[in-house]
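Novice: Here it is, the structure in full.
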Amino acid sequence: MKWGAARFVAAESLPKTVEVVEGLNKEGLVVALDHLGESVESREEATTATQASIDILDAIQSSGVDSNVSVKLTQLGLDIDEEFCLENVDKIARKAKETNNFLRIDMEDSPRVDVTLRIFNTLLDRYGKEHVGLVIQTYLYRSEQDVLELGKKNTNLRIVKGAYKEPARVAFPNKKDVDDNFIRLVKLHLQNGNYTAIATHDEAIINHLKKWLKEKNIPDDLYEFQMLFGVRNGLQRELVKEGYKVRVYTPYGKDWYPYFTRRLAERPANVFFILKNMFRN
Ligand code: FAD
């Protein structure tokens with residue numbers, strides 16, 4: 001399993017990760033670094049995770065690589081205490097502002113959306129849209145309303161389909177509806193003049209949006225494509241060649257297990273990819 005995870009995880013240590021980012025930058029890709037981990041159970045673990053993201057921002061500044069940072073609030077103590085989590089993520093957001101960088105808050109499962117929005121809005125008021133942004137999942141019925149609300153504050157949003165198992169009570173059970181909502185919400189946010197990270201590996205959606213972006217003359221500096229490290233590598237580089245900005249979400253660290261198993265669940269073919277390579281080597 002660990003061997004398989006290497007396809008989706010940059011490295012275990014920060015210095016090695018910075019080398020990987022340098023390599024991606026050389027290929028014209030920009031990066032979002034994520035220190036792996038979620039759902040910590042103790043304050044000590046949350047404090048350590050907070051420091052890890054601050055260290056990433058320092059390493060980005062000192063190495064000069066082109067990367068920002070993503071975090072998950074459950075890693076920063078969300079399930080322990082909301083106020084404690086806010087204190088932690090505030091330290092990272094402050095560092096992001098000090099180093100002229102950007103902090104993206106990932107979105108986790110649906111029971112955590114409201115509290116994530118509360119914390120995010122506090123940070124947005126403190127640090128501004130140039131330094132903090134959020135993720136919206138198009139499988140949730142509520143997301144259109146959230147995009148409209150966040151749009152009023154010109155929030156920088158990463159739009160994704162959503163990676164968690166959700167009940168039909170809160171999320172579209174049919175993939176087609178999730179896909180249609182993805183396209184709808186990307187267009188909505190962009191037409192309201194807001195920065196949008198189009199985060200998908202879905203080539204049909206990407207092609208549809210490329211055409212639409214041209215037709216509507218959406219400025220190049222209002223959007224970027226985003227994909228996961230190790231997924232659709234060829235497509236990432238093709239988009240760069242065509243002149244699009246592409247950011248690779250690049251996880252690193254030792255706590256790779258939950259992240260890796262989500263990638264496998266999304267696409268069981270990944271298991272075969274790993275097995276094939278195991279037998280080859
Ligand atoms: P899908 O319809 O799942 O896939 C379309 C095609 O993409 C597939 O046919 C296949 O060709 C390719 N593909 C998709 N996934 C894989 C894979 N794992 N391996 C190989 N090929 C694949 N989700 C959240 O809930 N919260 C977040 O904060 C979050 N952040 C994300 C950040 C980024 C940059 C990205 C790219 C995704 C993020 N996700 C997040 C995950 C997202 O919600 C989806 O689960 C994931 O992107 C798969 O959906 P898709 O849009 O690529 O389309």
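Positions of Cβ are set from backbone N, Cα and C atoms, glycine also.
Pasting the feature list from TrEMBL:
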DOMAIN    21-273  domain 'Proline dehydrogenase'
BINDING   Lys72, Arg262, Arg263  substrate binding site
BINDING   Met107, Gln137, Lys161, Gly162, Ala163, Lys175, Thr200, His201  FAD binding site
Novice: Mind telling me which of the binding-site residues Met107, Ala163 has the densest Cβ neighbourhood, counting other Cβ atoms within 10 Å?
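Specialist: Ranked by Cβ atoms within 10 Å, first place goes to Met107.
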Novice: Please report the three-state DSSP label of Gln137 (FAD binding site).
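Specialist: Once the DSSP labels are grouped into three classes, Gln137 (FAD binding site) ends up as strand.
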Novice: List those of the binding-site residues Lys72, Met107, Arg262, Arg263 whose Cβ lies under 6 Å from any atom of ligand 1, in sequence order, or write none if there are none.
Specialist: Met107, Arg263
Novice: Per the record, FAD is bound by Met107, Gln137, Lys161, Gly162, Ala163, Lys175, Thr200, His201: how many Å separate the farthest pair of Cα atoms?
Specialist: 19
Novice: Of Gly162, Ala163, Thr200, His201, which binding-site residues are close to Arg263 (substrate binding site), meaning a Cα within 10 Å of its Cα?
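Specialist: Cα filter at 10 Å returns Ala163.
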Novice: From the Cα of Lys175 (FAD binding site) across to the Cα of Arg262 (substrate binding site), what is the distance in angstrom?
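Specialist: The separation of the Cα atoms works out to 17 Å.
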Novice: Taking the residues Lys72, Arg262, Arg263, which the record names as binding substrate, find the longest CA to CA distance and state it in Å to the nearest whole number.
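Specialist: Taking every pair among Lys72, Arg262, Arg263, the longest Cα gap is 16 Å.
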Novice: What does the structure give for the C-alpha distance between His201 (FAD binding site) and Lys72 (substrate binding site)? Integer Å is fine.
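Specialist: Computed Cα spacing between His201 (FAD binding site) and Lys72 (substrate binding site) is 21 Å.
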Novice: Which are the residues of the chain, Lys72, Arg262, Arg263 excluded, whose CB is within 8 A of where the CB atoms of the substrate site average out, their centroid?
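Specialist: Checked against the 8 Å cutoff, the neighbours are Glu38, Ala163, Pro251, Pro258, Tyr259, Phe260, Thr261.
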Novice: So what's the average pLDDT for the domain 'Proline dehydrogenase' (21-273)?
Specialist: 95
Novice: Please give me the CB contact count at 10 A for His201 (FAD binding site), counting all chains in the structure.
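Specialist: Cβ-Cβ neighbours of His201 (FAD binding site) within 10 Å number 17.
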Novice: At the Cα level, what's the spacing in Å between Lys72 (substrate binding site) and Met107 (FAD binding site), rounded?
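Specialist: Lys72 (substrate binding site) and Met107 (FAD binding site) have their Cα atoms 7 Å apart.
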Novice: Check the binding-site residues Lys161, Arg262 for other C-beta atoms within 10 angstroms of each C-beta and report the one with the most.
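Specialist: Output for this query is Lys161.
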Novice: When you measure from the Cβ of Thr200 (FAD binding site), how many other Cβ atoms are you left with inside 10 Å?
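Specialist: Result for Thr200 (FAD binding site): 22 neighbouring Cβ atoms inside 10 Å.
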